[in-house]
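Before any comments, here is the structure.
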């Protein structure tokens with residue numbers, strides 16, 4: 001990437017989260033030239049497309065995570081925070097496939113921008129959302145305290161296993177201080193536009209999470225594929 005990471009993306013670690021910055025990875029999502037750049041917002045709620053053409057945004061999960069009460073002690077030691085910036089901003093949606101992972105707050109990822117990607121890759125009508133580094137911008141997120149069993153389900157739904165999305169650690173600014181959390185980012189280039197329906201789902205989720213009015217209006221004003229056709 002041509003810009004330094006102001007928020008300091010962190011290396012993913014399955015053990016304890018480490019506070020140091022990741023200095024050997026300069027970017028997580030490749031950026032297209034500015035002529036192909038589309039401002040946008042995130043929502044990689046993805047699951048296998050029944051037509052075999054990639055991943056479908058906002059499909060309901062195929063199974064629910066199983067919770068074992070006997071693992072409660074280990075859970076407390078392994079709690080992870082997930083920062084949702086798309087349809088998973090809606091707590092009710094998250095409960096559908098992460099029933100043991102409550103929303104614990106909201107915050108901002110500074111120095112990142114919401115954008116769309118995958119329009120020409122996933123085989124769907126429009127693009128899905130992701131994040132790219134962008135000094136001066138910020139992204140509103142909901143923080144969830146994710147149980148490990150729910151985390152496995154979430155990774156599957158988000159397309160990590162198939163390599164469509166990847167997990168990175170970022171710092172989230174909250175009223176109580178910075179929190180380290182993971183986000184899902186698309187593995188390819190940004191670019192493209194969502195369908196009007198897809199964008200409306202993003203707006204609804206942001207409203208459910210209590211995003212500021214100006215943030216919601218900015219999101220609602222994003223161009224859609226329907227408008228461009």
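Even glycines carry a Cβ here, placed using N, Cα and C.
These numbers come from a predicted model, not from an experiment.
What TrEMBL lists as region 'Disordered' is 30-71. The substrate binding site annotation in TrEMBL covers 82, 83, 84, 85, 86, 87, 198. For 158, the entry in TrEMBL reads active site, proton acceptor.
On the structure: features taken from TrEMBL.
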residue : record                 : contacts (Cβ under 8 Å, 6+ apart)
82      : substrate binding site : 88, 101, 143, 144, 146, 151, 154, 181, 182, 183
83      : substrate binding site : 107, 109, 141, 142, 143, 170, 172, 181, 182, 183
84      : substrate binding site : 94, 141, 142, 143, 144, 209
(message) I'm trying to understand the geometry here, so how far is the Cα atom of residue 198 (substrate binding site) from the Cα atom of residue 158 (active site, proton acceptor), in Å to the nearest whole number?
(response) 16
(request) Across all the protein chains here, work out how many other Cβ atoms are within 10 Å of the Cβ of residue 158 (active site, proton acceptor). (result) 22
(request) List the Cα distance (Å, whole number) between residue 86 (substrate binding site) and residue 158 (active site, proton acceptor). (result) 12
(request) Express the distance between the Cα positions of residue 87 (substrate binding site) and the residue listed as 'active site, proton acceptor' as a whole number of Å. (result) 11
(message) Max CA to CA distance in Å over the substrate-binding set 82, 83, 84, 85, 86, 87, 198?
(response) 22
